[in-house]
Each structure stands twice: as structure tokens, then as C-alpha cells.
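Worksheet: one structure, shown below.
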Amino acid sequence: MKAVILLSGGLDSSTVLYQAKADGCECYAISFDYQQRHLRELDSAKKIADTVGVIEHHIVSFDLRSWGGSALTDSQIDLPSDRDLEEMSQNIPITYVPARNTIFLSFALAYAEVVNASRVYIGVNALDYSGYPDCRPDYILAMQEVFRLGTRQGREGEAIAIVAPLIEMKKTEIIQLGNSLGVPWEKTWSCYAGGEKPCGICDSCKLRLTAFQELGLTDPLM
């Protein structure tokens, strides 16, 4: 069984790649250089892909800085920092990149059709904070319908399935799953700031660090 895995190099997507491997899939990884502030994550994506031994790893390049609209694609917009979970959950954060998962899933779908994969794995998660609209179960269900209606495979046979194993999991549960699968956390990257070391105060760092602390574990990146 072949599967395409959306791989950013972060904690969630790395766990999903390891889960796909554990599910017995032949893994094809796809990552994206969209000129994000935290381009450093692609180094981690390459390392994680190598540890699993994926069949192929494609890095697709396009520039979302041309219209900005997010703190991750516009350096003039400050990253939110040092917020607690309650603050993060109040509004869609400025780190939301408009339609990003729709763009990513479209590329993954095309790639899956080409390599004749039956699954696309994505590491979206809806529980830790209600920030991103394209990380919710109803969004994944809607995109599954796109996969069914918009592809040759969907019209002539069985549609490529979107697999989102982390969608209803807390960050602590994701770390526990990753530990059981042997994910090398030291090779992953979560920080939005884009430096050589994690900033420790952006939303992504805070969520990650808090989860490790709740489990009584040390984050090897901090």
C-alpha cells in the first residue's frame, strides 16, 4: 500500500510519517518551501524522511510572500509570543496561512495519483487550540469529497483516502504516540521564529514545551 505523507519536519507530521510506516505503507513524502519564516523546518523534514527511508521525498517550491497575509510569510508582521493556551484559543492567530492546507493537500493529491497511492496522511490536529480552520474534522471531510469528485481515481475506482490520525489527539497524546513509534524528537522542528535554536516563546514552541512538561519529559530541542 502506497501513501503520500505531508511532512513539515514538525512534531505532528513526523509522528504521522512514522505512523504511516507502522501501518505498513510504502511512504512518499512531500514538503513545501513557500518562503516561510521558519524555512529551517525543511532541514528537519529531510532528516526525518531519511530516518524512515521514504521511497521519495519531494520539496515543492512556491512563494507565498508575494501576498503575505500571515506572520509566517510576512516578516513585517510580528509573531505572537509568550501566550498561554487560553489566549491562543480566542481567535484565529496571525500565524494562520490562508488556505495553506488546501494548497498542500492539492499537491499531495496530484502526487498520490501519479504514484498510484491509496492514502494521503496529514498531521492536522484540532484539540490543542481552536486556531486554524483547516485543521478541523469537518474540513478534512470536505477535502475527502474533493478527492472523490476531482480525480480520475475517485471517479473510476476508489478515492484516495485522507488519513488524519492525530485529528482528535491532544499534544501530550501525540508525543506519547511518537515515543511508542520511536520518533527522534531531536531531529524535528516546531519553532515559527526561524532561528538556529527554538525561541521557546512562539505559540508552536509553547504548545510543544508545555506538552513535554506535562508528561514529565524533557524536550531535546529546549
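A Cβ is built for glycine as well, from the same backbone N, Cα and C atoms used for every other residue.
Features of the protein shown, as given by Swiss-Prot:
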type	residues	note
BINDING	Leu7, Ser8, Gly9, Gly10, Leu11, Asp12, Ser13, Ser14, Thr15, Val16, Leu17	ATP binding site
BINDING	Cys191, Cys199, Cys202, Cys205	Zn(2+) binding site
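Taking the mean position of the Cβ atoms of Leu7, Ser8, Gly9, Gly10, Leu11, Asp12, Ser13, Ser14, Thr15, Val16, Leu17 as the ATP site, the remaining same-chain residues with a Cβ inside 8 Å of that point are Ala45, Ile48, Gly123, Thr188. Close to the recorded Zn(2+) site, the chain also has Leu79, Ser81, Ser190, Tyr192, Ala193, Pro198, Gly200, Ile201, Asp203, Ser204, Lys206: residues not among Cys191, Cys199, Cys202, Cys205 whose Cβ is within 8 Å of the site's Cβ mean position. Comparing Leu17 (ATP binding site) with Cys191 (Zn(2+) binding site), their Cα atoms are 19 Å apart once rounded. Residue pair Cys191 (Zn(2+) binding site) / Ser13 (ATP binding site) shows a Cα separation of 14 Å.
The Cα atom of Cys205 (Zn(2+) binding site) lies nearest to that of Leu11, taking the binding-site residues Leu7, Gly9, Leu11, Ser13, Thr15 as the candidates. Spacing of Ser13 (ATP binding site) relative to Cys199 (Zn(2+) binding site) is 20 Å (Cα to Cα, whole number). In this structure, Leu7 (ATP binding site) belongs to neither helix nor strand by DSSP; it is coil.
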